[in-house]
């Protein structure tokens, strides 16, 4: 009877020489790994997640390095303001091609080899940019790099979500955001380090250094295993079981996870002839899938249209408008922004599985709104009311507001966007839906990046940040109504939650209380520090 009750898990159990109900002590000990074995498995999972996150360094480095390299590209190739906007913003839009095709490719050849393909495409594009003799060739390399980044950035979070245990999934799936921030910081440091070279050489060295992270990605492909969920989708059950044995604490957990994946994917049953194709289901969604799309695509869109890419790409322009004159001083100020962004993403990683996704999103969106409004005020006062504040105070206010904005972004909106996008969709839709979620974010990023200079010329740089502050205010409302809490739930439980819709509506009160606890916890942490 006990065996029948546990029949779901035992389907994949390893065969034993005896079927008796009693197990000797040795058998029990084999099923319960020692503390050192558990730590070894945890280190393996974290190692896989870190290797998979290396793709995100490419995206971050490109974003960070272009903010400074564009100064020297403009002087060397004599490009116009319009060409500058296109060069900066096109990567976000073109990466859509990589993201959308990456979903289908990852279902065809596997998650990890899709990451490798993205790295190869990016390497090709970065090499072309490094040796580009003209703006046209530079754009060709930029477009290829964008496609490669789209491939890698989309699939990394999916891969990590599919190998992570529920208790640590928030931390692990936010590792790509850490790597993006680390890449941005490295880009800023590269700008400052090579700013002393000639105009013709400096920007080429800055862009060429970006090839190095992709080399480590190639090595990682021979270390990390394939996603067990993808292996199950391909009906490669023994291989999936072998991977789960490497990342799970016990055989019982392996059998449970195999059964959950099978049930979610329905790969052990004949496919119902009435099942919709993936894209048809996404374009004509059920109420549950519609809720998932609202949350997943919406968070991607708000992440970008609140102006983070404009802040990062055009930070030298912002600081120049605030009153900083020297190119090296401008690049030094951007390094401070990069350090702030990286430090606070580490804070988010520590908190995301402790306090939950939604409280951090509240802190993030509210804090961003305040900082964006403060930045708009500082820039506007300097331009239209110079006598009210001293030039140095205006510069300090602008630097403080930019650092505050990226800090609040990094503590919530940045990493949690990746987490939610990779965990809320069911396995049959996950790769394609995550790719679709990138559409809103990439289009939003591209529109902001390609229009910032033109719009700033029309309404001033300060006016642009008042617009971003207004959009950030709307994002607070979006989080309240459209984002459920997923902390501590398995991927299959999250799917059931969206189907029931229980936590979809009216779930904000609890999370707001959690936010208060979070703020109190932060005060205690600072007092202890």
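Cβ coordinates are placed from backbone N, Cα and C, and glycine is handled just like the others.
What TrEMBL records for 44-74, 115-133, 139-160, 172-189, 201-224, 330-353, 359-381, 393-421, 458-483 is transmembrane segment. The domain 'Major facilitator superfamily (MFS) profile' annotation in TrEMBL covers 48-487.
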Are the transmembrane segment (201-224) and the transmembrane segment (44-74) close enough that 3 or more Cβ pairs fall under 8 Å, when only pairs 6 or more apart in sequence count?
yes
Annotated stretches the transmembrane segment (172-189) and the transmembrane segment (115-133) touching (3 or more Cβ pairs under 8 Å):
no
Using a cut-off of under 8 Å between C-beta atoms, tell me which stretch among 115-133, 139-160, 393-421 contacts the transmembrane segment (201-224) the most.
115-133
